[in-house]
Every structure is written in C-alpha cells, then in structure tokens.
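Asks: One structure, pasted below without further comment.
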Amino acid sequence: MTDRQLLVGPFNRVEGDLEIRLDIRDGQVAAAYANSPLFRGFEMMLLGKDPRDALTLTPRICGICSVSQSAAAALALGAAGGHAMAPQGALAAAILHGVENLADHVTHFNLFFMPDFARPAYAGRAWHDRAVARFTAMEGSAARVTAEARARLMHISGLLGGKWPHTLAIQPGGVTKTPDARDRVRILATLRAFRRYLEEALFDAPVEAFAALETVDQLDAWEGGDAALFFRIARDLGLEKIGQGPRRYMSFGAYPLPDGPGFSRGLWQNGATGPVDPALIVEDLSHAWMLGDTAHPTQGATVPDEDMRDPAYSWCKAPRLGGAVVEVGALARQVVDGHPLALALAAEGSVRARIAGRLLEIARTQILLEGWAAALDPEARFMDPAPTLRDGQGAGLVEAARGSLGHWLRVEKGRIAGYQIIAPTTWNFSPRDAGGTPGPVEAALVGAKVGAGEETPLSVQHIVRSFDPCMVCTVH
Amino acid sequence: MKRMNMLWLQSAGCGGCTMSLLCAEDPNVFDLLADAGIEVLWHPSVSVQTGDEVRRLLAAIEAGEQVLDVLCVEGSIVTGPKGTGRFHMLAGTGRSMLDWVRALAPLARDVVAVGTCAAYGGVTSAGGNPAGAVGLAYDGKLRGGALAEGFRARSGRPVINVAGCPTHPDWVTETLLLLAEDKLGEGDLDDLGRPRFYADHLVHHACPKNEFYEYKASARELSELGCMMEHLGCVGTQAHGDCNIRPWNGSGSCTRGGYPCINCTAPEFEEPRHPFTETPTIAGIPVGLPSDMPKAWFMALASLSKAATPKRIEANAHSDRIRVPPGGGRKP
C-alpha cells in the first residue's frame, strides 16, 4: 500500500530536465519512475540529409558532451565508408574528447553533486561547515576555483578544436587543425596547470597516488583534498549503502587509438569481465511515448506517440543488452578496464562507488592526456580525407563522460536513410521494459529513505545525481 | 550598486550555452555576476534549489510576490505535438514550457533569448522540425514565436536575442552587465534583436585566413589552410559575430580550428539548403557572396586577384601547414 506519491521536478544540477515519480511506503521509496520530459527528434531531422551534416548536427544534441557526439558521428561515417582516421588525427581527437570528459567530471563533482551537502538540512554534521565553505552553490570556494580551472583546461579545445562546445574539428579522416610544435607544448603547459588544480584542490596529492589506490580500505584512508571530504561525508551518511545499480557494467571502450582504446571495452557481470556484443542491443518501446516495435538500432525508428498514451511515461526508449539492464559511466568504464579499486567497488555499486569511480577516472584521464599530448607529432598528417559516402552502414561506439554512446547510421544514394542514437543516460535512466523491469536509476532508488516532510528527498537527489544524468542526450 | 535578479530556464536545446557560459574568464562566471550585483534566482545547472523549492519560486513570480528583472531562456520552445507544447512539460509542474514562458515573460523587466534556439528555433527546428520548435519572438526568420508578435517586456524592450550556437560566454555576460546598468536600449539591438556589440562585426573580421581570401586561394579539403568560402561552405563574410576578434576558449574560433563558419548566429542557419561543408555554385560561381558587395565587382576582383596569387599563398592554401614562409624562407 502506497502511503503517498511524490513528483520530483524540476530536477536540477543534471544536464537537461528530469522528472521522477516516487511511490513512498513506510518512509522509503517503494517504486520509482524516471521521465525524460523533453523530445526534440534529432534522429528524424537527420533523415534525407547529406551524411556529412551529421557532423554538424549531432554534436548539438548535447552541450555538455558535444565532442562525444561528434566523435561517435565521425566514427559511424568512417565505419560506413570503410575509412579510418589518420593515426595522429585519432590522437588529436582523443585529446579533444579526453579534455571534454575530464572537464565534465570535475563539473559534475564540484557544481552538480557536492552542493547538496552544503544544504542547511545537514547543519550540525561535523563536516558541514567545510562543505558550506567549499561547495555552496555558485559561492563556494571550490565552485569558483573549478570554474576557472575548467575554463583554462578548455583552452586546449580552443587551440585544437576551434571552440567548445559544438566543434566541427573531428572528421571521419582525422581533425581539421594540424597542431604545430608550439601548439604541442602549449597543450602540455595547459595540462600541467590543470594537474596543479587537481593536486591542490581535489586530491591534495599527486594524481598518481589516487590512481594507485587498490582497495576500499585505502580509499577510506584517503586524506587529501575535496575527495577526502566526500569520503568522510559518504561514511557519515552511509552513501556506500544506497543507490545500488544493476552491477552489470558496460563500456564500448574509450578513445579508440591505433594501438587500442585508452580504457578497454567489455561487459562486467557476476564478478567477471567478458566481451560486449553490440548486436545484442535492442530498444524496447513499451513504456516510451514511441510507436513501433522493439528493435536493434540498425532496424529501429523514432516515431513519437503524439497522444502520449499509457502505460508509457517517458520519451526515453529502454535499451537492453541481451535482454538485461546495464549501467554505464565512469565506474563501469573503470571496472571493465580492470582497475583494482573499481573492481573492489563493483559489487558495492552505490552512490559512493560511482563518485569514487569518477574521481579515479579524473586521475587516470589526466595521466592519459599528458601522454597523448607528448606523443603529438607535428610532422605527421592529421587528416586523411574520407571519400564521398554513397552507400553504407556503420556504427560509431564511443565512451562519453557519462558512459557508452552509440550512433548507428545507414546511408543510401548519398543520403542518410537511418540514424539511431543510444546515449549513456538512455541506458541509465531508461523506463521499464515489456517485462516490467525498471531501468538502473529506477531500481537504484528503491529503498531510499524519505523523511515525513520531504517533498524532494535528499537521498533521492544523491542517488540520481551520482549517475550524472544527461537528459538532453537521453532522448535527443 | 543597483541589483538585478535573473531567472534562467532551459527548454528544447542542448544546454550548450550554459556550458559555454561556464567558460567565462577574468573573472569566473560566478564572481562576474555577483560582483555586478546580478542575483541568480534560479539556474537549472548551478543553483542549489530543486523540485518543490523551484516550484515555489515560480509560483511566487507568477503571483507577483517575487519581482522578476531578467528572464533568460535557453533552448527553443517546442509547440508540438498538435500545438500542445507537451514535447516539453516542465518537470514536476504538469505545465508545458510553452505555457510557462508565456506566463512569465510578460512579468519580466527584460527577456533574454540565450542562443539561436531560444532566439529563432535554431538546430531544434532542423529537418522537418519534428517537435515544432520556435524561438521566443521568432519562428526562423519570421517575427512571432512562442510569444505573440510585438511582444514587449515590462521595460518596453523586445526580446533580446543573444544568438549563437553556442553563445560565446562574453556575449551573454556582457548583455547581462549592460542590462544591470540599464545601458542596453533598443537601438543597441540589430534588426534581428541581437546585441550590436557583437553582431555588428562579421566572422570574417580578423579571420586568420584573410590573406587566402584576398587572392581566393581556396582550400579544397578540410585541414587545408586556404580560404573555405569557395568550396567548403564558409559564410564568414556574411555571418554576424566577433568570433575572430574575440576568440573562443582562449585562442580559438571555428575558422581558426580549420572548419567553416556556418553562420550560427542567424535564423535558419540550421537549414542552409546544401551540405554545411560544401559551397553551392551556379556555373562555377559560389552562391552567397559577401552581402554588401556588387556581384560583378566581386567577380572581377576575384579573377584579378586569383591571377595575381603569389606562389607562397597558392602552395600554402593546399597544404595542412605552412610550406612556404613569407620572404621565401630561411637562408641556407
């Protein structure tokens, strides 16, 4: 018997608009329903267009992961034409993409996730004064120093990609800007400055030290920076016990480079990592305001149900892998990549685990980026122009900050005949499927504590934001 | 110091104008707004309030209990399906964003459309415009969008269209700084409602490819250094914006990044009627020459300058890096 229902929204400090409906019983969430309330229809807009136009239009699906969209489109076009990027072009694209993912992670931690702990509801906790000083929205010292560090990091995007977001620099054949020797040392200098920010504010230690953590005990003993403040808060509030996901983690492999991806591809479940087969992906439409049948994205279509009929409750389709729900994101990527700390947190699958996975990936991405920038060869070619694409079919599978992003493209007679996109938050915030199985966040919310007077429960906010949802990507 | 409050709503867009705004520098965006006495009533990406706290704020504004100085809207407003606006119901409120914007805009002293989606519909209205996206005061080039034609905010000013896809952080912050001092009159806006401080410039101004443009030494493939007007769809000579005068993210711009200007500050840029990176031609002559130059003069000058192209410029135009330096290069 449901005691009461709550409609939580507008749900902010996520990218885009989000509404969560909650059934509350005995002071906790008994059922949750995630609604992605915005439909724009990018997949419909692209039909009939020149395939190259996907490179201009799809980045504009999302202002926070536009390079991810751009990279997926470029790879899909390349795959459809059997064309690969010039190796150094792929390296430059990886730098552009890594910078975006790194910026997104620090934005999430400092501006989206942590401000909730500065709320008056937590006054009196031993850590609260510190949280207020650092993370009060728009005023905290961490918010301001992060905004400055992030803006300076994005100078790499300006130098190498013209601007951020919505760069057109990444193409099926490489990148449009050939960096010279001066650009290379400037990128390295910017990265070293960002390292200083991470090592002063976030970790108060070398990024290598955080990346070397292997056990949850070591994590608990971490003493430096805002990361330590979070782990202290997490212990006090029991964030290691709430928001448990499906504990089935997928990664398409991040940063495709000639020698293999920066973070590997795979599927982790039941304690072991195996291959991921994208042929097993389907999108279930049973609870989406979409018409059509369950289909693989190469066969799928996007036809909104203009009457918004029950039992659907979201514009989001429900992607499933081999019929199962999977979680994607930084934690998933680090688990699949086999990092010992991430593996130690995989079974926990909690709010704390997701944040720890993201912090770990911040440290590791900084190290990767420095290596890639050092390896830039100004003498090399950065573009191998792709021939005109008349007919073909291909997929671009990448890892955005928030997880696995796929573009599935079909070109006929020089025009886009099919374009389907599954974004990270489409996986994480999917509605129920035909079998009634809830999506990852819907399941993760069950059991969250709700105070008698709470209209927008704090536990629900922590759980939802721990996924770092991007709602504009979700439905697109 | 005068104080000014601001409410920011996001609808059918990508959120990229906010993400770009967070790239503001000297000082960071939070200090910049606070130092100018601009109070953020609520912003969907950076404010603490969520859910019921936001609903109470919106109700107070609607009831006249909370004065609203500036309403910023980011993203287009979707009117579909069937004119209901239900392609975006503002979460938790049971009301469409179309309805909210129509309710709140008349209460604001000024209304700012942030980005080309909010201004004219933008990318969200591309293709067949599946969601029925419109701007606040424009539907593409046509006046009248989500708000009635002739809409004026309490100040008497029309909607201020800070168009761009995305907006440069300074375009937004400087618009707000000027509004905070009440120094942005209707005469400071161009015919499409854009602040003239950035829209009176062309992307062509200070484009690093200008020497190539002078000789029509043109790139044929992306990554070549030459001018992108003749073959690669660049419309920087017509596009309004100070992108090459005031760089992006430190030192960037689209043309500095080696790809064409697609005129993203203009209505209907999303449907150029040709591939974005390809210049349509009629009998070999590019369509869309500089807007205020007689075509015959342009053609005459272009053929003369092409014939006079120095070898250095011709060689570099078709290269991905400088092959021939000025003065013929280093002495052996």
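Backbone N, Cα and C atoms are what each Cβ position is placed from, and that goes for glycine too.
Heads up, here are the entries from TrEMBL:
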type: BINDING; residues: B:CYS14, B:CYS17, B:CYS117, B:CYS165; note: [4Fe-4S] cluster 1 binding site
type: BINDING; residues: B:HIS204, B:CYS207, B:CYS227, B:CYS234; note: [4Fe-4S] cluster 2 binding site
type: COMPBIAS; residues: B:313-323; note: compositional bias 'Basic and acidic residues'
type: DOMAIN; residues: B:14-177; note: domain 'NADH:ubiquinone oxidoreductase-like 20kDa subunit'
type: DOMAIN; residues: B:201-276; note: domain 'Cytochrome-c3 hydrogenase C-terminal'
type: REGION; residues: B:313-332; note: region 'Disordered'
Asks: Any idea what the Cα distance is from B:CYS117 ([4Fe-4S] cluster 1 binding site) over to B:HIS204 ([4Fe-4S] cluster 2 binding site), rounded to a whole Å?
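Replies: That separation, Cα to Cα, works out to 23 Å.
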Asks: Tell me the Cβ contacts of B:HIS204 ([4Fe-4S] cluster 2 binding site) under 8 Å, same chain only and six or more apart in sequence, or just say none.
Replies: B:ASN210, B:TYR213, B:GLY236, B:THR237, B:ALA239, B:ASN244, B:PRO290
Asks: Indicate the candidate from B:CYS14, B:CYS17, B:CYS117, B:CYS207 with the smallest number of other Cβ atoms within 10 Å of its Cβ, considering only these binding-site residues.
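Replies: If we count Cβ atoms within 10 Å for the binding-site residues B:CYS14, B:CYS17, B:CYS117, B:CYS207, the smallest count is at B:CYS207.
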Asks: Excluding B:HIS204, B:CYS207, B:CYS227, B:CYS234, which residues of the same chain place their Cβ within 8 Å of the centroid of the Cβ atoms of the recorded [4Fe-4S] cluster 2 site?
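Replies: Not counting the recorded site residues, we get B:VAL203, B:LYS209, B:ASN210, B:TYR213, B:MET228, B:MET229, B:GLY236, B:THR237, B:THR255, B:CYS261.
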Asks: Quick one: of the binding-site residues B:CYS207, B:CYS227, B:CYS234, which has its CA closest to the CA of B:CYS165 ([4Fe-4S] cluster 1 binding site)?
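Replies: Out of the listed candidates, the nearest Cα belongs to B:CYS234.
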Asks: B:CYS165, B:CYS227, B:CYS234: which of these binding-site residues has the highest Cβ count within 10 Å of its own Cβ?
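Replies: Highest number of other Cβ atoms within 10 Å: B:CYS234.
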Asks: Grab the same-chain neighbours of the compositional bias 'Basic and acidic residues' (B:313-323) for me: Cβ-Cβ under 8 Å, and only residues 6 or more beyond its ends, written as numbers and ranges.
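Replies: Answer is 211-212, 215, 217-220, 223-227.
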Asks: With 8 Å as the upper Cβ-Cβ limit, not reached, which of the binding-site residues B:CYS14, B:CYS165, B:CYS207 neighbour chain A?
Replies: B:CYS14, B:CYS165
Asks: With DSSP, how much of the domain 'Cytochrome-c3 hydrogenase C-terminal' (B:201-276) is helix, how much strand and how much coil, in residues?
Replies: 6 helix, 6 strand, 64 coil
Asks: Provide, as an integer number of angstrom, the distance between the C-alpha atoms of B:CYS207 ([4Fe-4S] cluster 2 binding site) and B:CYS17 ([4Fe-4S] cluster 1 binding site).
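Replies: Counting only the Cα atoms, the answer is 23 Å.
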Asks: Cα of B:CYS234 ([4Fe-4S] cluster 2 binding site) to Cα of B:CYS17 ([4Fe-4S] cluster 1 binding site): how many Å, rounded?
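Replies: Between the alpha carbons of B:CYS234 ([4Fe-4S] cluster 2 binding site) and B:CYS17 ([4Fe-4S] cluster 1 binding site) there are 22 Å.
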Asks: What counts of helix, strand and coil residues does DSSP assign across the compositional bias 'Basic and acidic residues' (B:313-323)?
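Replies: Counts, helix then strand then coil: 5 helix, 0 strand, 6 coil.
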Asks: I'm trying to understand the geometry here, so how far is the Cα atom of B:CYS227 ([4Fe-4S] cluster 2 binding site) from the Cα atom of B:CYS14 ([4Fe-4S] cluster 1 binding site), in Å to the nearest whole number?
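Replies: For B:CYS227 ([4Fe-4S] cluster 2 binding site) versus B:CYS14 ([4Fe-4S] cluster 1 binding site), the Cα atoms are 30 Å apart.
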Asks: Through the lens of DSSP with three states only, how would you label B:CYS17 ([4Fe-4S] cluster 1 binding site)?
Replies: helix
Asks: For B:CYS117 ([4Fe-4S] cluster 1 binding site), name the DSSP secondary structure in the helix/strand/coil scheme.
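Replies: It is helical.
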Asks: Restricting attention to the domain 'NADH:ubiquinone oxidoreductase-like 20kDa subunit' (B:14-177), give the mean pLDDT.
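Replies: The average pLDDT of the model in the domain 'NADH:ubiquinone oxidoreductase-like 20kDa subunit' (B:14-177) works out to 98.
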